[in-house]
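Here Swiss-Prot flags ASP271 as active site, proton donor/acceptor. Marked as Mg(2+) binding site by Swiss-Prot: ASP128, GLU158. Among the features that Swiss-Prot reports, compositional bias 'Acidic residues' is placed at 1-10, 21-33. The compositional bias 'Basic and acidic residues' annotation in Swiss-Prot covers 11-20. Swiss-Prot lists 1-43 with the feature region 'Disordered'. What Swiss-Prot lists as site 'Interaction with 5' end of substrate DNA' is TYR185, TRP303, PHE321, HIS353, and the listing cites similarity to another entry.
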Amino acid sequence: MSNSDDEIQEIEAKRQKMSQEDSEVEIEILDEPEQGKLKNSSMSDEQKLHEFAIITATDEAFAQSILQDVDWDLKKALDVFYGSEAFAEARSAAVMGASSSMASSGAAVMTAEDLKGFEVSVMSWNIDGLDGRSLLTRMKAVAHIVKNVNPDILFLQEVVDRDLAPIDKLQSLYKIYYSNKGCQYYTAILVSKMFDVEKHDVIHFQNSGMYRTLQILEGSIGGLKVFLLNTHLESTREHRPQRCAQFGFCMDKVREIIAQNPGALVFFGGDLNLRDEEVSRVPDGVKDAWEAAGSDNKTKFTWDTFKNDNKQGFHGAKMRFDRLYWSGPLDKVKFTLEGRQRIRSCLCFPSDHWAINATFFA
């Protein structure tokens with residue numbers, strides 16, 4: 001991001017001061033050591049009707065109207081449902097009823113040429129606040145890593161009230177917006193002081209049994225319109241119907257924002273809990289940051305129990321749960337994982353998830 005030299009120097013001075021203050025958090029850097037399909041062919045047409053209706057929270061008559069048009073291919077039918085504008089209203093109703101619309105922007109449209117030399121970095125991290133073990137130490141480590149990486153924008157999931165102080169202290173560097181503080185757990189969006197915030201919305205998923213929301217922050221960076229969408233979708237394989245419906249709703253919201261705000265920079269991500277086969281067709285022009293950066297297997301798995309032993313009962317599983325999608329005039333991206341350092345004092349990692357960190361540029 002760009003701003004006046006005085007502002008940049010002031011923020012950098014604060015960041016260095018905070019790094020000194022939390023030097024008691026010792027982090028040992030470790031060397032970096034190096035999942036199910038839809039059973040389409042084995043299912044009867046009746047089973048496909050039932051499965052489609054459950055996943056999409058519709059009925060079997062509706063399911064038949066789509067399945068018969070794609071030769072009863074369940075995967076294709078789900079792609080049609082979640083990717084077509086024609087079913088946006090049905091998808092929205094499945095998640096939460098009628099949704100609010102984002103106001104269109106009158107901001108000037110900037111091209112990649114206009115933004116040469118301009119970069120924006122976005123980090124997303126499920127910080128596992130629900131695990132009470134060594135929580136304060138882990139939150140200090142999270143804050144320590146955030147200050148070292150220094151992203152412009154930070155999405156957090158599984159934030160809890162207990163031992164929140166290290167995260168709250170980041171307000172000297174960031175503007176902090178919580179989704180539903182006081183709830184059992186929630187999300188947060190942190191933005192650089194150079195980000196001009198115009199609006200903050202929280203949409204509660206009515207089909208969620210886990211307090212899940214979509215948090216939306218609208219603002220601008222140096223005249224460039226920016227929308228930030230942070231979410232934590234329904235967890236576990238058995239809650240796939242709710243998760244798929246929530247993901248479809250979020251992508252409809254992204255599509256709506258793009259249509260109403262040409263040239264805006266849109267970031268959508270978080271702990272999506274997605275399996276690859278659950279990803280439906282995303283809107284045109286929207287890219288997956290990890291894929292766009294080259295799909296490096298070294299940075300693929302964000303929940304990896306082979307390398308992260310915080311959740312010992314799940315050893316042997318690794319998933320790409322945490323994802324970041326974007327659209328806009330910044331068309332290139334660099335992608336890394338952060339938070340892979342073990343904390344010396346408690347011999348655990350800051351979270352059971354790695355943080356994803358992406359830098360976007362023209």
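Cβ atoms here come from the backbone N, Cα and C positions, even for glycine.
As the structure is a computational prediction, the values presented were derived from the model and not from experiment.
Counting only same-chain residues at least 6 apart in sequence, those with a Cβ under 8 Å from the Cβ of HIS353 (site 'Interaction with 5' end of substrate DNA') are TRP125, ASN126, ILE127, ASP128, ASP271, THR302, TRP303, ASN308, PHE321, ASP322, GLY339. Neighbours of TRP303 (site 'Interaction with 5' end of substrate DNA'), defined as other CB atoms within 10 A of its CB across all chains, total 20.
Most buried of the recorded positions ASP128, GLU158, ASP271, judged by other Cβ atoms within 10 Å, is ASP271. Annotation for TYR185 (site 'Interaction with 5' end of substrate DNA'): same-chain Cβ neighbours under 8 Å, separated by at least 6 residues, are GLY129, LEU130, GLU158, VAL159, VAL160, TYR211.
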